[in-house]
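Lifted from Swiss-Prot, the feature list:
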REGION    18-55  region 'Disordered'
SITE      Phe59  site 'Interaction with histone H3K9me3'
REGION    80-87  region 'Histone H3K9me3 binding'
REGION    129-175  region 'Disordered'
COMPBIAS  159-169  compositional bias 'Basic and acidic residues'
REGION    209-234  region 'Disordered'
REGION    250-300  region 'Disordered'
COMPBIAS  283-300  compositional bias 'Basic and acidic residues'
REGION    321-431  region 'Disordered'
COMPBIAS  335-357  compositional bias 'Basic and acidic residues'
COMPBIAS  407-431  compositional bias 'Basic and acidic residues'
REPEAT    598-627  repeat 'ANK 1'
REPEAT    664-693  repeat 'ANK 3'
Amino acid sequence: MAAAAEEGMSAAALVMSVPDSIGRSPESEGVGAGDEEKDAATKGTVAVGDSEEDGEDVFEVERILDMKCEGGKNLYKVRWKGYTSEDDTWEPEVHLEDCKEVLLEFRKKLAENKAKAVRKDIQRLSLNNDIFEADSDSDQQSDTKEDISPRKKKKKIKCKEETSPEDLRKKRTKMGKLKDKFKTELESTSEIIGFDVKTKKRIWEVKEELKDSKKPKKDEIKETKELKKANKRAEVRDLKIKIREDVKENRKTKKERYIESPLESESPNDSLILEDDSEDFISDNREENQNVRSVRDKTAQETVQEGIFEKHLDDLISIEEDAGTRVRRKKTKPRKFEEPKEIKKLESTNAFLERRAIPKKQRNQDKGISNLELNKLPSPVFAQTLKSSRLSGEEKSLKSPDLAEEEKEKKNEPKGKYQKRYDLDKEEKARKEPKVLKSFKEIRNAFDLFKKTTEEKNDVLENNSKREEISLDSKIMNDNKTKDKCSLKEKRNTRDETDTWAYIAAEGDQEVSDSVCQTDETSDGRQPVLSLGMDLQLEWMKLEDFQKHLDGEDEPFITTNRIPNNLLRDAVKNGDYIAVKVALNSNEEYNLDQEDSTGMTLVMLAAAGGQDDLLRLLITKGAKVNGRQKNGTTALIHAAEKNFLTTVAILLEAGAFVNVQQSNGETALMKACKRGNSDIVRLVIECGADCNILSKHQNSALYFAKQCNNVLVYELLKSHLETLSRVAEETIRDYFESRLALLEPVFPIACHRLCEGPDFSTDFNYMPPQNMPEGSGVLLFIFHANFLGKDVIARLCGPCSVQAVVLNDKFQLPVFLDSHFVYSFSPVAGPNKLFIRLTEAPFAKVKLLIGAYRVQLQ
């Protein structure tokens, strides 16, 4: 058999052995060569091509794509069978010694036409070679790897010697119980064995013919393909008929042999693809003796199981016909049971391992379940699952019968062996964890849920839920898992959030006062090192800490190094909050109002840079916000000019003056109008900014708003001025009860914040009318007003802060002796200078609206 298999090696599928240490081969799950060879020598037969047990991974070369010369050596680009172009590797010629035919074919093609791409000449083996490939592949690969691993070859030869005719007879007698749970007649098994030998001889003849024509022409290749297909169909048809005849004969002789041979059957696919080793036979015989009693109790169930088997067999054979050219391999493990595995493609191999892992867990759960419950479900489920599996890959359709075969063996085994096998499986799974694609996981879960009882489903759901906690990208497998997954995700999110804040709270004890800064403390207790990172990261602090930070009440830093004034100034200029914090919390005294050559203070530097944290810190430490440069610029003007809205808000809250003018007469409101920032404009005018102040060039804020073509800012200012005029006139009419008629204003209404100082002054031009009507004159009104957003409330009664009014160096007299809101006013034609002395009230919120009107008594 070994010689025939060797001669039948096809030029269409060559096996190449690649050591783990060379280059980049397609991914494998192999382990060290030395350890695996030692394991193979001591534990029994090891099938060639098993990527888990062999020291080397065995891959099939599909074709050679390209060749290049590098470092004086020829490298060949190899396409591996079952892999995509992404897994192509460059291999030296020495690695292709076992694939000389492929190499010669490539060289021949290269000589014929170098410009053309290498055509795919290597064809896969037909199903003729697949039926008993578990036998032939072992011999074929043993000869291929003769020089590399002699010990493995000896093991394989020993395995073949052990498979004696007596063993085959035992195995075939078990196959008879495939459908009816009883041992078949010796004649039936002999016929099956004889049929198998004839079938193998026919396959060997086909292989010999294929070997004689290893390099056929295109026409010969087509004829060979047609011949293979015809032989394949004929063999499958004959095999199906033969098995059905054996089933009928077994059914007739079942009752006669019942008392003499009550033995347990094995998997339904033994006659097709599975061969057991000697250890398997011993354990199975024990198993059969122990189950004699249970077999007698199950006679009533056999007719149902026979029908299930026939249906299952039809499905399997129909899948065999559609399978195409696929390679089936046998895998033996150093344990008392056999688990078949096909090595053809790495992804499909991993998927099969994962699908095998679930039945291993299930074995331990099946202890309390009757054989009737287990045997009624698998067969139809297998057929349905196998068909759906073929849609995602060709390999799956052949793996599923193996899986069915393996599970039927395990279900019929005594309960005493479940725990031992579960322990062995658990140990091996701990050593080798397969990588599985998500699509295979979905198929596996759907596959298993059909076979499990309600109690088992609950156990599997718990295990799957644990996996879903680890993998956030897992998909919902079925409706039963959805609720568990949602609840677990909610718990996990709540736990993560709680842990995050708990970690922050715990870390707060290690931080050096300010939650914005983190300190890195070494494990050996060395001096804490300041982490000069980004400030104001809210993930680092709780809400209470952030509020303390805003209020400047966070704990001080402790430092022993003195920071000089020039470095403090540079830190403010560069926005280094930590350095400023350390300096201001030290014992060193700093002049926070220090000025440079232009009069720029630290507050101005922070405002001009938009450093809100530094600005709050400096204000908290007592820095003045209304300092002026030599050109009259203030911190508020800097912030408005640089368009920093939050900085403007901080300064206004700290009491910054809004009507301060630069040397060119411009105010913060004018700067905001130039920038076109309506938010800053609204914020400033609601705080009492004077919209009618004129610059050095006699331009008002309204002029700058119009100049920047910002309609929103212009309308905002115009609306505010109209509101002030309307409120002033209404207040006058209400106060004088229509005894006084307003003719025209003498100058636009001015606004002065009492907190900005006790003195108010303004210049205006007055042009008296040519004809002054009798009973008319000019009065000065000083309203006390409050701004409530866009609303303005004014009064001419109550407490008054006006002490004196001076016009052109002449005191003006109040109209009412007990009230200083209304003064007689005598301007001259031309320029006039008005000065008003007020009560000093630096914290007053009241605004003064100052306006003069020409009035007529009625």
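Placed from the backbone N, Cα and C atoms, the Cβ positions cover glycine too.
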Q) Within 10 Å of the Cβ of Phe59 (site 'Interaction with histone H3K9me3'), how many other Cβ atoms can be counted across all chains shown? A) 24
Q) Which residue counts does DSSP give the repeat 'ANK 1' (598-627) for helix, strand and coil? A) 16 helix, 0 strand, 14 coil
Q: Report the DSSP secondary-structure composition of the region 'Histone H3K9me3 binding' (80-87) as helix, strand and coil residue counts.
A: 3 helix, 1 strand, 4 coil
Q.
Looking only at the repeat 'ANK 3' (664-693), how are its residues distributed among DSSP helix, strand and coil?
A. 17 helix, 0 strand, 13 coil
